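Straight from TrEMBL, the features:
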{"type": "TRANSMEM", "residues": "B:6-25", "note": "transmembrane segment"}
{"type": "TRANSMEM", "residues": "B:37-56", "note": "transmembrane segment"}
{"type": "TRANSMEM", "residues": "B:105-124", "note": "transmembrane segment"}
{"type": "TRANSMEM", "residues": "B:136-154", "note": "transmembrane segment"}
{"type": "DOMAIN", "residues": "B:156-452", "note": "domain 'NADH:quinone oxidoreductase/Mrp antiporter transmembrane'"}
{"type": "TRANSMEM", "residues": "B:192-212", "note": "transmembrane segment"}
{"type": "TRANSMEM", "residues": "B:232-254", "note": "transmembrane segment"}
{"type": "TRANSMEM", "residues": "B:307-328", "note": "transmembrane segment"}
{"type": "TRANSMEM", "residues": "B:335-356", "note": "transmembrane segment"}
{"type": "TRANSMEM", "residues": "B:362-385", "note": "transmembrane segment"}
{"type": "TRANSMEM", "residues": "B:397-421", "note": "transmembrane segment"}
{"type": "TRANSMEM", "residues": "B:441-461", "note": "transmembrane segment"}
{"type": "TRANSMEM", "residues": "B:565-582", "note": "transmembrane segment"}
Amino acid sequence: MTGYPPATGISELAWLLLVLPLAGAVVLLVGGKVLNKAGPLLGCATVIASFVLGLLIFLDRLNLPADERTSHVQLFDWISVGDLRVDLGLVLDPLSMTFVLLITGVGSLIHIYSIGYMSHDPDRRRFFAYLNLFVGAMLLLVLGDGFVTLYAGWEGVGLASYLLIGFWSYKRSAATAAKKAFIMNRVGDVGLAIGIFIIFKEVGTTSYAGVFASVGEWATRSPGSLTAAALLLLLGACGKSGQVPLQAWLPDAMEGPTPVSALIHAATMVTAGVYLICRAAPIYNASTSGQLLVCIVGAVTILVGCIGGCANDDIKKVLAYSTVSQIGYMFLAAGLGAGVYGLAIVHLLTHGFFKAALFLGAGSVMHAMNDDVDMRRMGGLARYMPITFGVMFCGYLAIIGFPFLSGFYSKDPIIEAAFNAGGAKGWILGLAALIGAGITAFYMTRLMLMTFFGESRWKKLRSVAEPAGREYHPHEAPLVMTLPMIVLAIGALGAGAFLAIGDRLVEFLGSSSLGEFDEEAVAGHLPMPAIVITILTLVLVAAGILIAWVFVGSKPVPVTAPERVNPLIRLARNDVGGNAVNEALFARPGITATKAAVFTDDRGIDGGVTGAAAGLAGLARAGRFWQNGFVRSYALSMLGGALLLFLALLAVNAA
Amino acid sequence: MTNSYNPLLLLLIGVPLVGAIGMMFAKNLPVRTTKLIALLFSLVPLALAVLLWVNFKAHDYQPTPAVNPTPTATPVDSVVPLFSQVFSVDWIPAFGIRFSLGVDGISLVMIALIALLVPIVIGASWEEKLPAGRSVAGYLGLLLALESAMIGVFAATDVFLFYVMFEVMLIPMYFLIGAYGGARRTYAATKFFLYSLLGGLMMLASLIGLYVASADIRPEGGTLDWATLRSIADQIPVGTQIWIFFGFFIAFAIKAPLVPLHTWLPDAGAEAPVGAGTLLVGVLDKVGTFGFLRICLPLLPAASTKLAWLVLLLASIGIIYGAIVAAGQTNLKRFVTYTSIAHFGFIAMGCFVFTTQAVSGAVLYMVNHGLATGLLFLLVGMLAARGGSVNVKDYGGVWKVAPILTGLFLVASMATIAVPGTNSFISEFLVLLGSFRTQPVWAIIATCGIVLAAVYMLWIFQQVFTGPIRGRAVVATDPGDDHLAPAPSLGEVRTDPHGIPAVGPQPASTVTVTSTSVTTGVDPAARTVSLSTDVITEADPAARAEPVAAPGRRLRFGDLSKREIAVLSPLVVLIIFLGVYPKPVLDVINPTADRTVIDSGHTVGTGLDVTADRAQQEGK
């Protein structure tokens, strides 16, 4: 029962978008060893086919007038019980189709890259199956026509993420990181689930069309429950997107193969939280406190992510913290509310390009460095792998917001919009975003300097990753890996300009449930001219670069991290306290509770039962005393019984 | 009351019973023939169950009202007949007791589950190693007898017959645990029997109470016919209902089991042979939750409503407490039983929140749990048969050793923690969504249980299947140095003087560790894969991670055989299929769930009267 008109033409085939990668996953998993050779190609083919179809549907949408771009594909009646009806249907609108192109586009490139990256792995068939499963689930997440289908995709990508982080499950650290990611995500999922229950209880449906049509009535009838729903959805979004307080799993998730980090833990899955908040825009628009909390989460996460990125020596963990912080920008934009949602999506797309380029570059570096990730052991690699360096340099310029590259076009308006929020709120959010930009420049410059410039520290070292002790022979990656990297680098350079100039994307998104893009909401009430904010940002970025140069570039980098450091660096090294909090609040009490519960069960409850049984046995032994064969004792017991009966009868009669 | 003679249900009870009796005379037949006969006798009920389903759909299927239908005054039971495929004859006329069988949507799906699981269990027990002196014919005969009794419980539409079947069901299970179980089988069987007996006696008392109460109301005297009792249920005084309710409730709460009446299950489940354990956890325990829906809600509606808080409290405790205790288990079989205790909490909660979504969800949960936990339990059995241990600590890195077993275990794990795409998601979602409508606080507590479920399941998975290959059940340091009982599936041929099932020579199976592949032969020493350094190639990540290689270390087992894969695949297919398309089962359950909610005096979620819903919700 969606209110959207049914899709026609090529759009009717939208179900194939999902089915192709999922079918690929099933075939690869069930197919057995026969498919070991062809597996990677099959995996790529299904995702590329999905991309082509997605592109066709997207173009089809573009040709329609703006108010007809939303349509619906009904697959089947999924869960119908009583007055609950959940359809498995797809909603095709500018928002979902933008995500489809991102997921299948970046997904295709990373699938291709993985052919090279995983070529030595005996289990690569399984790897491609999981990647396909991920793409299918992610497409269900963004295409589903209601909150329940979203939830199904939501947990589906969580499963794929679990399988892929733990892909090298023989490594204990990978298995642990996978479990941690799944469980922390589940905490968020509880929020999402209860949010959905509230929605259903209040408006009697879970489809977007139905819910959004009733939001007005709901907001006036029961504003409290609406805010509760908004906050619970936010909890879900925080879990999936690695936002404070559920951020600690994302850096650990880097245990997975690098293409996974690029696709799932940078470009697509972790942005699902942003998708959820944008998709549920009508609900957030009706809840001021919900929006404010989204902003606060975003602003805090920007800074936490930045700090975490500053002191880590693991190249992938730096990028992971960077992802945490960049998604903070998206949350901030999404929380600023009506008229600004579009900016979150623009940054999401440009981030998809430059972060994927950076991660694939990092993968290429690891490939060259015998799978080592410690930047202190690297240095001077630019000469040995020029293409990788070029790609990462493009990504680097884009993420720090170098003028006229992607990040500049997508991050700058978010900083402006934050200032635009007005009053103290505007200043606090704006400053957080501004400082974040400066710190981003610092840690990214540090990463580039430690990896590609300076002394080639690896020449005197032997590798530490298993099998340890090999010499390093850095080399450029094969074409199958560099080609996708180059494509992403081009995106990192130009996507921002393409999407942002003339408000191309935000106007396009305006015809979905996000609502019209509103220039006024972005820059209508700035406390200072927009150009001043831009210049301030650039000054801070330059300062960040300079400081990085002074601390890292201008002097030799010690191979082992210095022990004696100031408390701030120690905090940054210790994951900004995230793990300590988890450990203190959940892990240790959890283990204690488990031990206590097992003890209670064995000794308390079961002990009670066996104790009662023993008592009964004792009673039986006592009872044997009466069965002694002496007539006199039987007579005594008969007398006692008769007396008892007599008394009982008296009592009954008296009553 | 008129007699009906629809033979289908009688056959469903009778065929396995005949098979069970036949097994008594099969002691001298070759073992293989015995197994084939037993399998045949379990496949016939499966075919009959399919027929039952088809007939049910053809005659009685009524689609649930769509969203917000026009409020109708027509009570649902006049549209949907109470029971289908009825067989009913006089049994003890003096007390108005009849031998009546029939199915509604709830019992139909449970009977179908039994009919499906029993052949799978027999297939999975094909090479089960039984204790010395026990015959395979006896084992299979008891399994068939159990099937007969379980179908009887679900098909009974006379409360007395239900009680009789409820007690009869005990007997084969008692012998299955006590005679064919593990080391502490006597203890476990006695405990199981005493608990069940206590429950049975409580139920008998309540049954008599129900009879007396009906005699007070009906001028023609007492009855135990379900439909008649249902028609007078609302006239039984609340105080009387509460007393009767307690007896039934204790019986069902022991069987289900709810905390704190649960400690018999871990012992029984751990000591029972794998096949019997699967049926115990997968089906037999559901008689308890089925009883809630068949007896408590419709026949004692006022008491059920009044005492719902008690059930919800115990259910919530079970969900949280069962999960925490599960996380701390070191015995794989006990672990599975504790996960079930947590799941029974969800089912019980779904029964006592009185919304259609939750009741439908609870029934679907009963089916799905049978499939998912059945798969999990069978896989634990197959793993334990290989490694010769159920101790979690004895395993590690099994993923590399037995990838197919691990893959299936992963499917079962995901179904256990209700990941979307598996069947359990639908049922858990429905239970929680339906509970939230009337009991938001309990529903929120229960929803937190899904995090704990992920914790216990992934924790066990991590310990057993991931990491470097290790553990004394997996790796033997040298051929003569087996600490544990020899693993039976390694194909040793047992010839027992007592005519005990010989674990026949297996078809040669291939054990593969990445690039190394060794075909197994008859000699146990040759059925192992050398893990010495020279065979591990550079490309083998296991070697890169942590070389387990020490000369003379070998794996004690390999992956699933073709038979095992074939036996388990129906469960895997159903788990995925019902996760994607639950409609065929939901369509059968929904009308009965609707009726159960209405019978219990509620309307939320039925779609019958929306305004009443709202009023009731807001009144709470």
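From the backbone N, Cα and C atoms, a Cβ is placed for every residue, glycine too.
Please treat TrEMBL annotations as automatic predictions, because they have not gone through curation.
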Determine which recorded stretch among B:37-56, B:105-124, B:192-212, B:335-356, B:441-461 has the most C-beta pairs below 8 angstroms with the transmembrane segment (B:232-254).
B:192-212
Range from B:6-25, B:105-124, B:136-154, B:335-356, B:441-461 with most C-beta pairs under 8 A to the transmembrane segment (B:565-582):
B:105-124
Does the transmembrane segment (B:192-212) come close to the transmembrane segment (B:307-328), meaning at least 3 CB pairs under 8 Å for residues 6 or more apart?
no
Given the cut-off of 8 Å on Cβ pairs that are 6 or more apart in sequence, determine whether the transmembrane segment (B:441-461) and the transmembrane segment (B:362-385) share at least 3 such pairs.
no
Under an 8 Å Cβ to Cβ limit, what residues of the same chain, 6 or more beyond the ends of the transmembrane segment (B:37-56), are close to it?
8-9, 11-12, 15-16, 18-20, 22-23, 26, 29, 84-85, 103, 108, 111-112, 114-116, 118-119, 122-123, 137, 140-141, 143-144, 147, 151, 588
May I ask you to check whether the transmembrane segment (B:362-385) and the transmembrane segment (B:105-124) make contact, with contact taken as at least three Cβ pairs under 8 Å and only pairs 6 or more apart in sequence counted?
yes
Counting only CB pairs under 8 A, let me know which of B:105-124, B:136-154, B:192-212, B:335-356, B:397-421 has the most with the transmembrane segment (B:6-25).
B:136-154
Range from B:105-124, B:335-356, B:397-421 with most C-beta pairs under 8 A to the transmembrane segment (B:136-154):
B:105-124
Residues of the parent chain within Cβ reach of the transmembrane segment (B:105-124), under 8 Å, 6 or more residues beyond its termini:
12, 16, 35, 38-39, 42-43, 45-46, 48-50, 52-53, 56, 84, 140, 143-144, 147, 150-151, 154-155, 274-276, 278-279, 282-283, 286, 290, 293-294, 363-364, 366-367, 370-371, 374, 378, 381-382, 563-564, 566-568, 570-571, 574, 585, 588-593, 596
